[in-house]
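As recorded in TrEMBL:
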{"type": "DOMAIN", "residues": "144-247", "note": "domain 'Pre-SET'"}
{"type": "DOMAIN", "residues": "250-379", "note": "domain 'SET'"}
{"type": "DOMAIN", "residues": "391-407", "note": "domain 'Post-SET'"}
């Protein structure tokens, strides 16, 4: 019986006898090359055989039963994904990757498109220059209820936390917005006659567009706000005045719409009127940083401008907005609807008494049925041709109140 070396040498001699091979030809090297090619072909997603999704036996051994139908390989359908698309894949069972208390799945029953690539974050993060500082020393006894115990809502009178709101607690014992507070917020947003507009002497928006030729400020909508208890308060963590800070609790789903709007967000359960759904989360940018991004992109940004004129001029790093382009949560999928959206955004102060930074929380404007898409009014002024982020926006809301048309007179924009 010849040895393996003798066998290899004999085959090499016969192969070299025809003088068609390199003098340094080695059969063992040829076998190694064949093995390497096999590995490369097996792992190449563009190879024809890989389209069928070959999965090997976990033990690495074939069947020894002798049954011709028994096999160590299984053939299953496989969705082909390019390298760029792979980077945008999210867990279909939970797009939050465990960042939220509840799982939020995504589904696409229209085509093979995956959700856009972004980093999921449950809270806002400063991009670079924005001034957002939380310190315990900032929170004086005038801004926290240190003497409260248990649930502040059960107290006979509003605690210190809501003293500056002038209208008491915004929440009911069920964790919903009080109806009169919600209706007033809705009216201030939708009815031009009830809107309180303030104008900046030196508007950072206009300055970012053209610093040499400043146009007058077009105005910013003043808003009611909610003040929640926080770390320095003496109340319980489950206090009824701590709703937004607990995060998402509702059953939601990211889905691909069938009416040409792309991705959207729907509720999987019936939502009562005044229910908290989620925050608008993103990178905290200065207005200058926002303008720089609009030069190359069309970022989905929201201004935190509800109180820009409250205490006079702010510093450049205190005029802020939220950008959901790269870091965000499921709120980035909420589509626009003119005027009669089922969500409304309300400023919520939690960590700091400063007005230049606040949370933007979404609450239902009415009862929302299960499987209904969630929408909010972006506040876009379609007449403002100078607003770079809105130039490319094509409204497909389908509302009978749609503002996406040129009107003879310019109206004031709603806050974004």
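Every residue gets a Cβ built from N, Cα and C, even glycine.
Unlike curated entries, TrEMBL annotations are predicted automatically.
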Mean predicted confidence [pLDDT] for the domain 'Pre-SET' (144-247): 89
Residues in the domain 'Pre-SET' (144-247) grouped by DSSP into helix, strand and remaining coil: 33 helix, 8 strand, 63 coil
Per DSSP, what is the helix/strand/coil residue tally across the domain 'SET' (250-379)? 15 helix, 47 strand, 68 coil
